[in-house]
Amino acid sequence: MASPKKKLQGLVAATITPMTEHGEINFSVIGRYVDYLVEEQGVKNVFVNGTTGEGLSLSISERCQVAEEWVTKGKNKLDQIVIHVGALSLKESQELAQHAAEIGADGIAVIAPFFLKPWNKDVLINFLKEVAAAAPALPFYYYHIPALTGVKIRAEELLDGIQDKIPSFQGLKFSDTDLLDFGQCVDQNRQRQFAFLFGVDEQLLSALVMGATGAVGSTYNYLGKKTKQMLEAFERKDFSSALNHQFCIQRFINFVVKLGFGVSQTKAIMTLVSGIPMGPPRLPLQKASREFTDNAEAKLKSLDFLSCTDLKDGNMEACS
C-alpha cells in the first residue's frame, strides 16, 4: 500500500460488504473482489465500511474483520485503503481508528454522529478531533453526507481552521449535491492541498470542473472503467468526450433511480456485473427484486456496459 503521506486522489470504490444468504459476512470473496476492481475496473483505491458497505449495520467486531481482510488481500495490489470508522459512540470510533492504524490502513474517515447530533461546527470538530487523536499518524477525512446524518453544518464552514485543531486532517468525502458548498470548500482552501473527494457519482464531471481531486462512489465498483475514461478525457481537455461519458453514466443511474436504487440494488448490480456473489443486505434493508435485476441488466447491456450478445434488437443506445 501507499505511504500514508500520499494524497488520496482519483477513483475510490466505496466497497460492498459481501454477505451470505443468512446475513453473515462472506469474507471468502474479498480477495476476488480486490482482483476484480484492479484488473477489470482499473480502480486501486477503496473506502471500506462506509454507507455502501453497510458499516453502521455491522458490529464493531465485524467492522474490524472486514477492514483486516481488505488490508490483507489488498497488500501490494491496492494503492490506498481508507477505513470508515464513524459511529454513534465516540469510544467505538476511537477503537475502530486505533484498529485501522494497527492493521496498516492508509487513512480513516468519519461521519458526523447522527442520533445525538452536534449542533454547530465547534462541537462537531471536537468530536472529530477526539477520533483523529486515536490514530494520529493516519490521514483523517471527514465524510460529509447530510442527507443521511441530518447534520446540516456546511462543509465550507467546517474546513475553516480545521487543520489547526486536527493536524492529521487531509480532506473530505463530499456526498451532497450542494455544489456551492463544494465549490467554496475548494476555493477557500487552495493553498492547503486538501483532498476533495466528490461522492455523487452522477455529478462528478461538474465537481471536477470545480476542483475535485477524486471521487468516492458505489458505481465505481462496476462502472469504474467507464468513469476513468471520463477522467482521462477531462485531463486531456477533451470536454466534449468527458461530457458524453458523464451523460452515458447518468442514463444508467437515472434509470435505476426511477426503479428504486440504494445499497440493496448496488449489491445486486455488482453481483451481476462482476460474477462475485455479494448476497443480500442486512436488515432493515431488503433484497433487490428479480424484476429490478432483470431491468438493470437490460439497461447495462443497452448502454454497452455488459456484453450485448443476448440482445435480439441490437445495441441502440450504446455509449462510445
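Heads up, residue numbers simply count up from 1 along the chain you see.
Keep in mind that glycine also has a Cβ here, set from the backbone N, Cα and C atoms.
Among SER28, SER175, SER241, only SER175 appears in Swiss-Prot as part of the aceneuramate site alongside THR51, THR52, GLY199, ASP201, GLU202, SER218.
Neighbouring residues of the recorded aceneuramate site, listed in sequence order and excluding THR51, THR52, SER175, GLY199, ASP201, GLU202, SER218, comprise ALA14, VAL200, VAL216, GLY217, THR219 (Cβ within 8 Å of the Cβ centroid). With respect to their backbone Cα atoms, SER175 (aceneuramate binding site) and TYR143 (active site, proton donor) stand 7 Å from each other. For the recorded site, GLU202 (aceneuramate binding site), the DSSP three-state label reads helix. In sequence order, ALA13, ALA14, ILE16, THR52, ASP201, VAL263, THR266 constitute the residues six or more apart from SER218 (aceneuramate binding site) in its chain with CB-CB distances below 8 Å. Within the same chain, residues at least 6 positions away in sequence whose Cβ sits under 8 Å from that of GLU202 (aceneuramate binding site) are GLN246, ILE249, GLN250, ILE253, ASN254.
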